[in-house]
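A.B. asks: One structure is given below, represented as structure tokens, and several questions about it will come after.
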Amino acid sequence: MTYSVQFGDLWPSIRVSLLSEQKYSALVNNFDAWDNVSAKLEHLGAKDFVKEAISPQELEPESDLSPPPSLNYSPNLRCFTFPRGDISRFPPARLGSLGLMDYYLMDAASLLPVLALGLQPGDTVLDLCAAPGGKTLALLQTGCCRNLAANDLSTSRTGRLQKVLHSYVPQDIREGNQVRVTSWDGRRWGELEGDTYDRVLVDVPCTTDRHSLHEEENNIFQRSRKKERQMLPMLQVQLLAAGLLATKPGGHVVYSTCSLSHLQNEYVVQGAIELLANQYSVKVQVEDLSHFRKLFMDTFSFFPSCQVGELVIPNLMANFGPMYFCKMHRLP
Amino acid sequence: MAALGRQVCDWHRLTALSWACLSRRTPHLRERRRMSPSLFCKLTTVCSGESLQESSCVRPKKYVLDPEYSTQLVPCLHGEQRTRVEPKSSELEKVISSLQDMGFDEAHVNSLLSMQPTVHPQQLLDIISEFLLLGLHPEPVFMAMKKSPQLLKLSTVQMKKRSSYLRKLGLGEGKLKSLLHGCPEVFTMRQRDIESVVKVLKEKCLFTVQQITELLHRCPAVFQEDPSKLEYKFQYAYFRMGIKQRDIVRSDFLQYSVTKIKQRHMYLERLGRYQTPDKKGQTQIPNPLLKDILRVSEDEFLARTACSSAEEFEVFKKLLEREEEESESHVSEEEEEDEEEEEL
């Protein structure tokens, strides 16, 4: 990996974090007794980082000006973390009073793409590479999804997604028309459901750098999988392009990965936008997320030099990520 | 009579002062000359002049022989408390004078005699003589005894045996001084404990005889380590860090705790600043010098070698501690499972 070139002096602290235990956060399940759960988590010494990031913002006196669009963050998300430098672990999730699990343990950085997507009540939403289901669950937690389509190519992985939904989401939401789970090829979505969705999340398969550094067997970085690795950005471009095509004109897309590589991040975004312009005459604009980033600077370490999008880099004080995300607007 | 009484008091005070003045002005007298109380009495008689003539009816010798008096006299000069000594005063006197002959000053003599009240002064003298015979000077011997009074409980037989064993290990006279200072327990430890340490160094770690000598000289605390822990430390250095015997000795590696070694090494390794050499002994990056890893203070380690912050290192240490605890319990769980399987 040539990350030392890409990150320079930041690389050693990223590397040591990748090789050390990841920090988790607890996403509160709004479908169960969320206020009890929140109290319980606070009692443990954790804080809702979303609330902490958002609330000072609301107190600002410049409230007569409507906030810039990129500052729209998906509502109703409650997610607890232990303070900086605190390595405490959350106890495993348990069944709450309504028979559903009380919280879902996930990397806090994974919530940022969902927050950035800025769901609004009544939105139709597509999660193109949904498994194993953390972000899908978060999308449902917003309470904004009129319809949610969750897809993953791998049937075994969609199996896991179904289990998560089963444990966290009430039956009436799961079994009605509201949620649809499929195992189709994401690259085909432009043809399948073009111009359909208000919000699309494309959380692509990537080199999952954190896990790859640990696993010896069948590691994506080993020589025998070089071809696969080189093909990855192409697959990612195709998926993002499909996601953009599936968006309604005027809709929004967030592309995300858990890789540090700009070949999988910025290059893919730029490649997909070019592809859409050249082959489909569809105009896509990248949205600036720097205001959004500032909101969460106290909880996460962000890489300062992304050309487009934002990148959460792991640091021992806040061992979340890596998580790259970029928001795009499909112009009407 | 009252006048005489007053003069006696004066004389005592004078004597006390004279002794103090004598001590200051005649330091050479401390070294090899006899400074028995009877002698000092004569000296003060000479010094004090006229006032003494009047008190010649007071018999100095009497108070010298009185142990209670001699115990009171020295404290008022040097302010030290002295415990009771059981044996006969003449024996005690001989021991005191011998010690002084050897070069111990009054204060040190008192201190030595009060350190181990259960030890007979003669035995004390014998053991101290043994130490001096090793070529050590009184001051270092005194410091060692003060630090580890249990040394005074050794018998001369034990002492001689241990000294000859240490000499066989190459730790001759010159090296014994630092050994005594760094790890006095080397003299009081059980023979088989020392032997098991030496055995590990020789047979498991494959240090040469010269390397063992140097190691023990530089890090005498190694003598007191648990042999299996010592072996683990060595293996960590050799296999995990790729350090050979020569550098292990030169860097005093074995004196550092396993915790400190692992913390600093693994931090560097995960930062990407230390690599275990491959089979050919090569690395892609130049590894930092061992002294810059272990010998330096934590601040300097962070600033110069790791190039990282204190807060990150603190978190890392906690994470590492947890990792170690969990892998240990995991291993013992596996062992339990293995045992269960075997039973079937």
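Just so it is clear, glycine is given a Cβ too, placed from its N, Cα and C backbone atoms.
What TrEMBL records for this protein is below:
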- A:25-331: domain 'SAM-dependent MTase RsmB/NOP-type' (DOMAIN)
- A:Cys129, A:Ala130, A:Ala131, A:Pro132, A:Gly133, A:Gly134, A:Lys135, A:Asp152, A:Asp185, A:Asp203: S-adenosyl-L-methionine binding site (BINDING)
- A:Cys258: active site, nucleophile (ACT_SITE)
A.B. asks: Rounded to the nearest angstrom, how far is the Cα of A:Cys258 (active site, nucleophile) from the Cα of A:Lys135 (S-adenosyl-L-methionine binding site)?
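C.D. replies: Roughly 13 Å, rounded to the nearest whole number.
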A.B. asks: Looking at Cβ-Cβ distances, which residues of the chain lie under 8 angstroms from A:Gly133 (S-adenosyl-L-methionine binding site) while being 6 or more apart from it?
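C.D. replies: For A:Gly133 (S-adenosyl-L-methionine binding site), the qualifying residues are A:Ala150, A:Arg160, A:Leu161, A:Val164, A:Leu165.
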A.B. asks: Residues with Cβ closer than 8 Å to the Cβ of A:Ala131 (S-adenosyl-L-methionine binding site), same chain and 6+ apart in sequence?
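C.D. replies: Sequence-distant Cβ neighbours: A:Asp152, A:Ser154, A:Arg157, A:Thr158, A:Arg160, A:Leu161.
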A.B. asks: Mean pLDDT for the domain 'SAM-dependent MTase RsmB/NOP-type' (A:25-331), as a whole number?
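C.D. replies: Averaging the confidence scores along the domain 'SAM-dependent MTase RsmB/NOP-type' (A:25-331) gives 91.
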A.B. asks: In Å, rounded, how far does the Cα of the residue listed as 'active site, nucleophile' sit from the Cα of A:Cys129 (S-adenosyl-L-methionine binding site)?
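C.D. replies: A:Cys129 (S-adenosyl-L-methionine binding site) has its Cα 13 Å from the Cα of the residue listed as 'active site, nucleophile'.
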A.B. asks: Which residues of the same chain, at least 6 positions away in sequence, have a Cβ lying under 8 Å from the Cβ of A:Asp185 (S-adenosyl-L-methionine binding site)?
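C.D. replies: In sequence order, A:Leu153 meet the Cβ cut-off.
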A.B. asks: Max Cα-Cα distance in Å among A:Cys129, A:Ala130, A:Ala131, A:Pro132, A:Gly133, A:Gly134, A:Lys135, A:Asp152, A:Asp185, A:Asp203, the residues listed as binding S-adenosyl-L-methionine?
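C.D. replies: Output for S-adenosyl-L-methionine binders A:Cys129, A:Ala130, A:Ala131, A:Pro132, A:Gly133, A:Gly134, A:Lys135, A:Asp152, A:Asp185, A:Asp203: max Cα distance 20 Å.
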A.B. asks: Given a separation of at least six residues and a C-beta threshold under 8 Å, show me what packs close to A:Cys129 (S-adenosyl-L-methionine binding site) in the same chain.
C.D. replies: A:Asn151, A:Asp152, A:Leu153, A:Gly186, A:Val202, A:Asp203, A:Val204, A:Pro205, A:Leu239
A.B. asks: At a 10 Å cut-off from the C-beta of A:Cys258 (active site, nucleophile), count the other C-beta atoms across all protein chains.
C.D. replies: 22
A.B. asks: Counting every protein chain present, what is the number of Cβ atoms, excluding its own, within 10 Å of the Cβ of A:Lys135 (S-adenosyl-L-methionine binding site)?
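C.D. replies: Step by step: centre on the Cβ of A:Lys135 (S-adenosyl-L-methionine binding site), count other Cβ atoms within 10 Å, giving 25.
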